[in-house]
């Protein structure tokens, strides 16, 4: 299979095949493996990104720093590094799991469904951003507490996966601990 794909999973989270990425995301999306990463700079600010309008699901919505899908034979950590370079042009370090068993299903206003087992990580950015406009239309560095308050006050302005990740008490505490070094 050429191009990006998703790793399909059975209900127990075991690999159960692969499917082309764009064919996978429909109104009846099968359960598949993904990842989500919250990136912090040296000043302790969180990178929040706004998804490009060309994205199939949740175009123009604010979300956490970077998301994607590991490819067959690729570790989640290697996939996060690959997508951080592709979407944001950055190098990262200190990649740490903060919500390894996160799973969700959500439907965007266009009817596209996300149905993912999506381990959540935090990492430190070690280089300047060079944003890929096909992936990210805007971005903002902000304090973690400010972002958490915004997620609570206006969840409709953010991706559902970011809102759900931040609503988990343990994940929120691990993000705070990570950010404090």
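Using the three backbone atoms N, Cα and C, a Cβ is placed for every residue, glycine included.
From a predicted model like this one, the values you see are computed outputs, not experimental measurements.
Over in Swiss-Prot, the protein carries these features:
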BINDING   25, 32, 69, 114, 116  Mn(2+) binding site
DOMAIN    30-164  domain 'Nudix hydrolase'
ACT_SITE  67  active site
BINDING   87  Mg(2+) binding site
ACT_SITE  116  active site
Chain-mates of 25, 32, 69, 114, 116 with C-beta within 8 Å of site centroid, Mn(2+): 6, 24, 29, 33, 34, 115, 118
Cβ-Cβ neighbours of residue 25 (Mn(2+) binding site) (radius 10 Å): 20
Which of 32, 69, all binding-site residues, has a Cβ with the fewest other Cβ atoms inside 10 Å: 69
Nearest of the binding-site residues (32, 87, 116) to residue 67 (active site), judged by Cα-Cα distance: 87
DSSP-derived helix, strand and coil totals, residue by residue, for the domain 'Nudix hydrolase' (30-164): 31 helix, 53 strand, 51 coil
Cα separation, residue 87 (Mg(2+) binding site) to residue 69 (Mn(2+) binding site) (Å, whole number): 13
Cβ-based isolation winner (fewest other Cβ atoms within 10 Å) among the recorded positions 67, 114, 116: 114
Other CB atoms within 10 A, centred on residue 87 (Mg(2+) binding site): 22
Integer Å distance between the CA atoms belonging to residue 87 (Mg(2+) binding site) and residue 25 (Mn(2+) binding site): 19
